[in-house]
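**Student:** I am attaching a structure below and will ask some questions about it afterwards.
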There are 2 protein chains.
Amino acid sequence: MANNELSSLRVKDIGEQGLLAKLQRFCPQEMIGDDAAVLVTTPGKSLVVTTDVLVDNVHFSNLTTSPEDAGWRAAAANLSDLAAMGATPLGIAVGLGLPEDTSVDWVERMYQGMTQCLQRYNTPIVGGDIVRSPVVTLSITAFGQADGDRIIRRSAAQVGYAIAITGIHGASRAGLELLLNPQICQNLKEAEKAALIASHQRPKPRLDVLPILWEICPSIIPVAGMDSSDGLADAVLQICRASNLGAILEAKQIPLPAAFNNWLTPEQALNYALYGGEDFELVLCLPQYQASALVQQLGENAAIIGTITSGTSVLLHHENAEIPDQVLTLSQGFQHF
Amino acid sequence: MANNELSSLRVKDIGEQGLLAKLQRFCPQEMIGDDAAVLVTTPGKSLVVTTDVLVDNVHFSNLTTSPEDAGWRAAAANLSDLAAMGATPLGIAVGLGLPEDTSVDWVERMYQGMTQCLQRYNTPIVGGDIVRSPVVTLSITAFGQADGDRIIRRSAAQVGYAIAITGIHGASRAGLELLLNPQICQNLKEAEKAALIASHQRPKPRLDVLPILWEICPSIIPVAGMDSSDGLADAVLQICRASNLGAILEAKQIPLPAAFNNWLTPEQALNYALYGGEDFELVLCLPQYQASALVQQLGENAAIIGTITSGTSVLLHHENAEIPDQVLTLSQGFQHF
């Protein structure tokens, strides 16, 4: 990129958020700020579009990820973005950049993992592009369909809404830890280890939540939400920022993997749950009554973990009265640059 | 990608076509073989999706391409794929991989070029993804809408159909030559040089052809076609292969830039036109009567250049009876690996 006419400011100087801010002026305002963009195609119907780019050694690595798992995870992440918007998948397009010495086996096995995940949700691969590149790059664009009044947006939270999550958090981060350091935590049972590792390698997009949610919530009630792919704390913070509101979370209400009791301190466990990321659950904000009904119907590890408040701060409240409330911030989350 | 369990077959061993053949079994059969995939969303309406991945130093280079031109060309290529299917654009999603020392200026100017092109065709950028990567990678997925019975497919050609092209060919290749070797061809006028260079830097997707085409062609007549982004010869060959038919092309009917007369031998000129690529015109196969009307209405450099025949070979016929007909083949075209 040597070009003397260009100014010397580099992407690393302004970071991901700084670059996004500069590029957002090229997009229509209403397309910005959710997991996916929404295009009204025919009256009452919306096309929901989301893109993820994954780069070898940045987003996946052969150390912890088989080709099948890399494919599964990429597909799951995109389907989860559709679920986060309330959309049912129509298909995905796959752009693939490959060095010419890439193993054909690797590519086929990655596609196998991707289609294993997609088939569970009746989602076809509808073509794409394959090109030569110095680094393995996987670019997935998923598109889905939603009813015009059934879109879940980050900005739709209201004061007094319950914050419901659809499952346990921290499991994916713990699974990654076990893959990187197989010798740690000898007192976990093999089945517990396997379950945590599976959470990391084969996350499940929560598309199953949508029909239950729409059954409980009449379309006149706006539902706010997103997925917890970048961490539970990040999800609550993003929803609050987009809605210009705050939240209070109850630490003891956050469902954790049972195996954490034999392994992590309460602080470590909470840290994995809030900042670990990649659990791909939904974080939904809706009226208390509907939230209770949703959590009850989802069963297992769904829970109401807090309430949307006026103000703009997100507080974490601990059961132990000696621990002061913590203010959660976005800067503790993951940044791409 | 060191993984001992993987077989030793590499992507370079089987090439782009070999890899595509292996991966096509992961896609529904009906999605394969056109410039874009078609999904029926609501009765009578189809969603058309196309993806392109562009990699620095493979698909663009600062030597011949300013950041604005790189952006324009990427957008134009995707809109051209929609035009090739008969679809009107709804929006594009942009996936961007960037080294952290990428100039912010470069990224902004690339987006400027992209939106300059998109705005001409009322197409918004509907979000995307930005990630860290060792190489600048631009992945664009474009979405369009088409009436269910107004899809242009490669496989729809019929014996006796005329082969119409919407403009001159070879200009983009000639423009690239002038950028790489500014000193060649002193006897071209500056305006001629500038026009050829503009053809390369700012190609125009032929979305303007669609309303004219549909006005002329009743919906019961299937239209076959694609764009000539990979070369005019490639387009005719792909249509013939998909339709399981052949063609005869008249060399003297292929419209060339007037400037070629002062510069290239007839053989070189024809080579640029057939194999140069990136002219982004449409190659349409339709009944003779409708083809004539289309060419007349498009004016300028649109032309009927041949006829679809039974058999499977694509022959190039020369006016000079001493030159034997040439059989055109796909292998002369551009391969990614």
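Backbone N, Cα and C define each Cβ position, glycine as well.
In case it's useful when we look at the structure, here is the feature table from TrEMBL:
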| type | residues | note |
| --- | --- | --- |
| DOMAIN | B:33-145 | domain 'PurM-like N-terminal' |
| BINDING | B:Asp35, B:Thr50, B:Asp81 | Mg(2+) 4 binding site |
| BINDING | B:Asp35, B:Asp81, B:Asp227 | Mg(2+) 3 binding site |
| BINDING | B:Thr51, B:Asp52, B:Asp129 | Mg(2+) 1 binding site |
| BINDING | B:Asp52, B:Asp81 | Mg(2+) 2 binding site |
| BINDING | B:His59, B:Glu278, B:Phe334 | substrate binding site |
| BINDING | B:Tyr111, B:Gly128, B:Asp129, B:Arg154, B:Ser229 | ATP binding site |
| DOMAIN | B:191-313 | domain 'PurM-like C-terminal' |
| BINDING | B:Asp230 | Mg(2+) 5 binding site |
**Student:** With DSSP as the reference, give the number of residues of the domain 'PurM-like N-terminal' (B:33-145) in helix, strand and coil.
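**Tutor:** Within the domain 'PurM-like N-terminal' (B:33-145) the tally stands at 36 helix, 48 strand, 29 coil.
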**Student:** Between the Cα atoms of B:His59 (substrate binding site) and B:Asp230 (Mg(2+) 5 binding site), find the distance and write it as a whole number of Å.
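**Tutor:** Answer for this pair: 13 Å between alpha carbons.
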**Student:** To the nearest whole angstrom, state the Cα distance for the pair B:Glu278 (substrate binding site) and B:Asp52 (Mg(2+) 1 binding site).
**Tutor:** 14
**Student:** What are the helix, strand and coil residue counts for the domain 'PurM-like C-terminal' (B:191-313) according to DSSP?
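**Tutor:** Counts, helix then strand then coil: 60 helix, 21 strand, 42 coil.
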**Student:** Given the binding-site residues B:Tyr111, B:Gly128, B:Asp129, B:Asp230, which lie within 10 A of B:Asp35 (Mg(2+) 4 binding site) by CA-CA distance?
**Tutor:** none
**Student:** So for B:His59 (substrate binding site), how many other CB atoms are inside 10 Å of its CB?
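**Tutor:** If we count other Cβ atoms within 10 Å of B:His59 (substrate binding site), we arrive at 20.
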**Student:** I'd like the Cβ neighbour count for B:Tyr111 (ATP binding site), meaning other Cβ atoms within 10 Å of its Cβ, all protein chains included.
**Tutor:** 22
**Student:** In sequence order, what residues of the same chain, 6+ apart, have a Cβ less than 8 Å from the Cβ of B:Ser229 (ATP binding site)?
**Tutor:** B:Ala77, B:Ser80, B:Asp81, B:Gly277, B:Glu278, B:Asp279, B:Phe280
**Student:** Where does B:Arg154 (ATP binding site) sit in DSSP terms: helix, strand, or coil?
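**Tutor:** Looking at the DSSP assignment, B:Arg154 (ATP binding site) belongs to a helix.
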**Student:** How big is the gap, in Å, between the Cα of B:Arg154 (ATP binding site) and that of B:Asp52 (Mg(2+) 1 binding site), rounded to a whole number?
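**Tutor:** Between the Cα atoms of B:Arg154 (ATP binding site) and B:Asp52 (Mg(2+) 1 binding site), the distance comes to 19 Å.
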**Student:** When the Cα-Cα distance from the residue listed as 'Mg(2+) 5 binding site' is computed for each of the binding-site residues B:Thr50, B:Thr51, B:Asp52, B:Gly128, B:Asp129, which gives the smallest value?
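**Tutor:** For the residue listed as 'Mg(2+) 5 binding site', the spatially nearest of the binding-site residues is B:Asp52.
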**Student:** Tell me, if you would, which residue among B:Asp81, B:Asp129, B:Glu278 (binding-site residues) has the fewest other CB atoms within 10 Å in the structure shown?
**Tutor:** B:Asp129
**Student:** Return the binding-site residues from the list B:Arg154, B:Asp227, B:Asp230 for which some CB of chain A is under 8 Å from the residue's own CB; sequence order; 'none' if the set is empty.
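**Tutor:** Cβ contacts with chain A under 8 Å: none.
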**Student:** What is the Cβ neighbour count of B:Gly128 (ATP binding site) at a 10 Å cut-off, with all protein chains included?
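**Tutor:** I count 25 other Cβ atoms within 10 Å of it.
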**Student:** Please give the average pLDDT for the domain 'PurM-like N-terminal' (B:33-145) in this predicted model.
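**Tutor:** Taking every residue of the domain 'PurM-like N-terminal' (B:33-145) together, the mean pLDDT is 91.
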**Student:** Would you identify which of the binding-site residues B:Asp52, B:Asp227 has the most other C-beta atoms lying within 10 angstroms of its C-beta?
**Tutor:** B:Asp227
**Student:** Including all protein chains displayed, how many Cβ atoms other than that of B:Arg154 (ATP binding site) lie within 10 Å of its Cβ?
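**Tutor:** B:Arg154 (ATP binding site) is surrounded by 22 other Cβ atoms within 10 Å.
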